[in-house]
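**Q** As listed in TrEMBL for this protein:
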BINDING   ARG99, LYS139, 144-150, 180-183, GLU188, HIS211, 264-265  ATP binding site
DOMAIN    103-294  domain 'ATP-grasp'
Amino acid sequence: MTSIGILGGGQLARMMALAGAPLGLRFLVLDSVADACAGQFAPMVVGDYTDEAALAEFASRIDIATFDFENVPAQSAQWLTDRVPVFPNPRALALTQDRLAEKTLFRELGIPVPEFADVADRAALTAAVKTIGVPCILKTRRLGYDGKGQFRLRDDRPETLDAAWAALGAQADRTGLILEAFVPFEAEASVVAVRGRDGEFRAWPLTRNWHVDGVLSASLAPAMFPADIETLAVAHARTLAEALDYVGVFALELFVRDGKLMANEIAPRVHNSGHWTIEGAETSQFQNHLRAILGLPLGSTRMVGHASMLNWIGALPDAKPVLAEAGGHWHDYGKESRAGRKVGHATLREDSAQALADALQRVGVAMRREEQVAPVIEALKR
Ligand code: ATP
Ligand code: MG
Ligand code: MG
């Protein structure tokens, strides 16, 4: 029986383990906290990603390794690669861990990106704001997620630059910093795609995403954008996957502005914007990730109808309004409530855009989540 090791034991690892069960797969999770939510479904090795003893025990009990967490130190990924097959490869992981390297690659591959500059110190921040202009965003190059490690500059007054530096300057040595132009986008989208060990590439329908305070709030698939945008977005994802010799599922996050695309970042793993694929697509992102890394035939990424995913942040609401829907599906990650934490999600799937808008309306009212569903309903009606 094949045993898959997952570095990181969050909800992504948990959903991977659930998706792998029908394939007869076994899982082992490595996480630094003993109550990681994937541990409810898979045995665990508790230890830090840099702890060689923990890594050695982990490696000795698995046939192949993958990630639920993209910020595993590159040295740890390399250490594992010397012992077991690891997908995606450590080079792809290292590159996508660093926003500067990632954006440089986008540019080299001809994929449009917002203007950006490396910010090594306070003087470099002044220079970068001058070149890029405002509004702009200062971000840590590494270790950011869910909008953490970001500071938005609305103007270029010295006080504003000082505030940005006060917020993130202390991290400059550890994580590096990057300044990016703020994109006044009309929409955000993501391509969730998979590439097999033999190079076969498949993408799910383009997904539209809404963020609140830098955290994903809702997704809609298909995104309902013009076909040429979707074709181009998928072409960019494929170009990247081939350049990185990527194996497994990844997401390419994009901004849409004036009918054009700009790349934001790559997540080198299954992605929150692909959770709707569990019930909304022929094959889920989780199952296809496992098939890809194992060298099995990839499943179809076709979807039927329209799906929307709603994230539950902080605490889980009452599930009943979602469960009462014919196309309603509930996911409780088994986590304790905590402000800003992703604790679950729901997916609604319907055959038509109108039926999905109606279902979202009912759920939004019953759960008092009108604000969360409103932009999705608006997009469906356009
Ligand atoms: P994730 O959880 O997706 O990994 P992250 O912490 O890596 O998030 P980003 O994806 O860079 O952060 O930013 C989070 C959100 O903040 C984006 O989805 C977008 O809504 C907004 N944002 C980030 N960069 C920009 C930008 N340059 N212009 C406009 N909005 C931006
Ligand atoms: Mg990110
Ligand atoms: Mg992001």
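Every residue number used here counts from 1 along the chain in the order it is shown.
For all residues, glycine too, the Cβ spot is worked out from N, Cα and C.
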**Q** Are there residues of the same chain, six or more positions away from TYR145 (ATP binding site), whose CB falls under 8 angstroms from its CB, and which are they?
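**A** Listed in sequence order: ASN71.
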**Q** Enumerate same-chain residues with a sequence separation of six or more from VAL183 (ATP binding site) and a Cβ-Cβ distance below 8 A; give 'none' if the list is empty.
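**A** Listed in sequence order: PRO114, PHE255, ARG257, MET262.
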**Q** If you count Cβ atoms within 10 Å of each one, which of the binding-site residues ARG99, LYS148 comes out on top?
**A** ARG99
**Q** Which residues does ASN264 (ATP binding site) neighbour through Cβ under 8 Å, counting only same-chain ones at least six apart?
**A** PRO114, GLU188, GLU253, LEU254, PHE255
**Q** Could you check which of the binding-site residues TYR145, GLU180, VAL183 have their CB within less than 6 A of ligand 2?
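**A** Only TYR145 qualify.
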**Q** Let me know the DSSP-derived helix, strand or coil state of VAL183 (ATP binding site), please.
**A** coil
**Q** So, three-state DSSP: helix, strand or coil for ARG99 (ATP binding site)?
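**A** In three-state terms, ARG99 (ATP binding site) counts as helix.
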**Q** Quick one: mean pLDDT on the domain 'ATP-grasp' (103-294)?
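**A** Summing pLDDT over the domain 'ATP-grasp' (103-294) and dividing by its length gives 97.
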**Q** What binding-site residues in ARG99, TYR145, VAL183, ASN264 place CB under 6 Å from ligand 1?
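**A** From ARG99, TYR145, VAL183, ASN264, counting a Cβ under 6 Å from ligand 1 as near, the near ones are TYR145, VAL183, ASN264.
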